[in-house]
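J.: My questions all concern the structure below.
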């Protein structure tokens, strides 16, 4: 089963990807992870990517798609894969389709986790962090004492990019970027939109039901 997973920040995409990996035994392919791995290992494409990254520039699509193609050709992808964070644009989706045709691994289904903005803003802007690594949520998992970490007694804080205004900006960027891709895969008849506001386990049961139809 070859899957693309879409979902805005805070929709629970990472949680569902992990559940898919555990249940189906197929790898989650994160473009950020494989890019860093190629740079670290000094592969030809990794060195090409590093030249752009060192200048603070975006890695061009032709380099990125080469890295993805190599990753999808690895042994652990034989039974399927979950693509997370790619494609981000319609030209990338076209390039992906070309390489998947070449290696005979077409996308079976595109899962789109949908959650209203106000719910996402509440989920993300409620996050609190501590320098010791502990994390809290003002509603779902608040510290026992206001603004004090249960574990180390340090002060908990909100990251700047988790503040409501910053979250809304991130969501606006995501929608602007992703909507053309939603339309793209909808036209191909492989897009399934799921309600991401439900309980984590219920969402996963919904995903399994969808995948059973596409298997």
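From the backbone N, Cα and C atoms, a Cβ is placed for every residue, glycine too.
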J.: Considering the ATP binding residues 10, 11, 12, 13, 14, 15, 135, 136, 198 given in Swiss-Prot, which of 36, 127 is annotated for that site as well?
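T.: Looking at 36, 127, the one Swiss-Prot places in the ATP site next to 10, 11, 12, 13, 14, 15, 135, 136, 198 is 127.
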J.: May I have the list of same-chain residues other than 130, 132, 149, 152 whose Cβ is within 8 Å of the Cβ centroid of the recorded Zn(2+) site, in sequence order?
T.: 131, 133, 134, 150, 151, 153, 154, 156
J.: In the structure shown, with every protein chain counted, which of the binding-site residues 10, 12, 14 has the densest set of Cβ atoms within 10 angstroms of its Cβ?
T.: 10
J.: For the region 'NMP' (30-59), how many residues does DSSP put in helix, in strand and in coil?
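T.: Computed counts for the region 'NMP' (30-59) are 22 helix, 1 strand, 7 coil.
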